[in-house]
Amino acid sequence: CFPKPPQIGKSPLSNESSLNIPQRTFGIDYDRNCFVKDGHPFRYISGSIHYSRVPRYYWKDRLLKMKMAGLDAIQTYVPWNYHEPQMGVYDFSGDRDLEYFLQLANEIGLLVILRAGPYICAEWDMGGLPAWLLEKESIVLRSSDSDYLAAVEKWMGVLLPKMKHHLYQNGGPIIMVQVENEYGSYFACDYDYLRSLLKIFRQHLGDEVVLFTTDGASQFHLKCGALQGLYATVDFAPGGNVTAAFLAQRSSEPTGPLVNSEFYTGWLDHWGHRHVVVPSQTIAKTLNEILERGANVNLYMFIGGTNFGYWNGANMPYMSQPTSYDYDAPLSEAGDLTEKYFALREVIGMVSIPSTFLEWFFEISQVGTVVEVLDRLSPSGPVKSTYPLTFVQVKQYFGFVLYRTKLPKNCTEPTQLSSPLNGVHDRAYVSVDGVQQGVLERGKSLMINITGNAGANLDILVENMGRVNFGRYNNDFKGLVSNLTLDQDILVDWEIYPLNIDGAVNHFIHGYPGHPKRSGGNPQSYEAPAFYTGTLSIPGGIPDLPQDTYVKFPDWTKGQIWINGFNLGRYWPARGPQLTLFVPSNILVSSVPNNITVLELEHSPCSTLLCEIEFVDEPIINATTPSTLQADLLFVPQPLSFPL
Ligand SMILES: *[C@@H]1O[C@H](CO)[C@@H](O)[C@H](O)[C@H]1NC(C)=O
Ligand SMILES: *[C@@H]1O[C@H](CO)[C@@H](O)[C@H](O)[C@H]1NC(C)=O
Ligand SMILES: *[C@@H]1O[C@H](CO)[C@@H](O)[C@H](O)[C@H]1NC(C)=O
Ligand SMILES: *[C@@H]1O[C@H](CO)[C@@H](O)[C@H](O)[C@H]1NC(C)=O
Ligand SMILES: *[C@@H]1O[C@H](CO)[C@@H](O)[C@H](O)[C@H]1NC(C)=O
Ligand SMILES: *[C@@H]1O[C@H](CO)[C@@H](O)[C@H](O)[C@H]1NC(C)=O
């Protein structure tokens, strides 16, 4: 249904209209097949922005650009694990200040469609579910499992009352709230679970707000995803059959507004696969068809942003997602207006503000290997256990854990160290007495040869590469989740060191006395995981500096980088497709040197080439490497049909 303009002569502020037209209401008109806002038929064109993927500093800028693209509304997810890092510990401050984000949207005149979870998918670690849920190992996530539901109820009891003030009828921007996400794609198909969520949402938000679900546009997906009392919407990609997609929605909702809650402007990437690009013309054409029907649409994503820190998710068979969540969206990761932005919406009076920065190389140097600074990274020392424990069992959810045992025998000849049950989640950097031996990788490399003497320290630094966010493998335990064997013998008597690297980067690594570089092992391929530091000075007094920039890693292999303690995310140029990481200007200063810390896990250029990282003014997220070309044979992007 096409919105009709308010009748001339009846200003919403006049006394007459306030008698006749209900003020600030939002609902569904099943007779006219549309939404109805303040008594008038209403259709929205919305765009997705995830506040958790954009620094707070840039929220206003991005929202203004969305407003100027002509959008009526924005859509955002609430990642539960971002706000409840430990059970019962809540964080709504700084970059997590959701209420401030909602207030900005309201001030700018954008309505909000809130996707409150508890599960969100979103290419976000574990689909937004907190990893501490896995402390009950047998938990059935996204079901009526009593422990799961109790945790959900408690969390929603914190989140939803905060959201209530921001509902449209209470003067805020939120017109609709989504319950769960694509539940029809999940194996559990537990209607009682959806009923419990419906009850919890109604309890906290009242009866008036429109609650809805989103599922793939087929009766198959809607079967377990839709529930009486939750308005069923669908999602589908450009280029498909719009009639068929909306017919699927009609199988659940015979009348009411047509809604595509995720109309894909691009697509997600995986490490080792070619960067996905979706041409603007394809999107513009299908968008036109959707709008011609009077349907409502949300462009997913309008701006993708960045998986800062450790927040990326993964898909199965295990493939983790890169740091950039650019998504080939109309606004780039850095908020620049792209050709797609202009193609999707005529923009009036918009001034493009490109990210520019002088192109500079910065020298950095090694300060120590992970093993050398172990006491600083793991001040409370190791947990001892006969067999390996998972991350959750040692109460660490993200980053890295070091597993140490002694070699039980002389391995003078190359001896097989293996993970017969594919239990390295997700990558392990193996050394013997500080000499690097190789890398084990989930689903890819289950065996390496090692050498060393009986009694030597066998150190296995395990990296959590992001938890599976989609499908039945959500219970994604990290660390050594099954035994390792040396020859055929199970290795025992582990010392397991939880590592607080992010804390250490802030507090000690700068100014830590450097160690001379150590070589050994297999110099062509692997070096011990080590920290490198350097500083980046930005001249003061130049009005336009600092600005956004991108950092590039010439001849580096794989690791993590922090600037002034802010964790920018993972880099992995050796696998691609992403070669540069976005550096938002708000983390840079010009008054004192900016501190850079790099944790390189495999091989740095420092011993043979220049020990430098580079700042550039253009992102490269579409590189092809030998590994991406090979991986392309295995992976064809297909919305909504990842293998379970
Ligand atoms: C689109 O789907 C509709 C309904 O299933 C069908 O009638 C129509 O032929 C399809 N159009 C194309 C181009 O495949
Ligand atoms: C390992 O080899 C050394 C000599 O290289 C020998 O002294 C030692 O007994 C051996 N240890 C074991 C456990 O076999
Ligand atoms: C490990 O060593 C054995 C014996 O030297 C050799 O046959 C095998 O190819 C090696 N495996 C790997 C993965 O290097
Ligand atoms: C390791 O093997 C032991 C003995 O077979 C078994 O009891 C234990 O559960 C295994 N541990 C893991 C993490 O698989
Ligand atoms: C960088 O580290 C030094 C030494 O710890 C500190 O004095 C300085 O303030 C840090 N710079 C920034 C921008 O935080
Ligand atoms: C990557 O994108 C840039 C800018 O759109 C383009 O010029 C370049 O050809 C692309 N490279 C590859 C390998 O696709």
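Even glycines carry a Cβ here, placed using N, Cα and C.
Nobody curates TrEMBL annotations by hand; they come from automatic prediction.
As recorded in TrEMBL:
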DOMAIN    35-349  domain 'Glycoside hydrolase 35 catalytic'
ACT_SITE  E182  active site, proton donor
ACT_SITE  E262  active site, nucleophile
DOMAIN    388-500  domain 'Beta-galactosidase 1-like first all-beta'
DOMAIN    529-589  domain 'Beta-galactosidase galactose-binding'
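Ranking the active-site residues E182, E262 by C-beta neighbours within 10 Å puts E262 at the top. Across the domain 'Beta-galactosidase 1-like first all-beta' (388-500), DSSP assigns 6 helix, 57 strand, 50 coil. Residues of the domain 'Beta-galactosidase galactose-binding' (529-589) grouped by DSSP class, helix first, strand second and coil last, total 3 helix, 26 strand, 32 coil. In the three-state DSSP scheme, the residue listed as 'active site, proton donor' is classed as coil. DSSP classifies E262 (active site, nucleophile) as strand under the three-state reduction. The residue listed as 'active site, proton donor' sits 11 Å from E262 (active site, nucleophile), taking the C-alpha atoms as the reference points.
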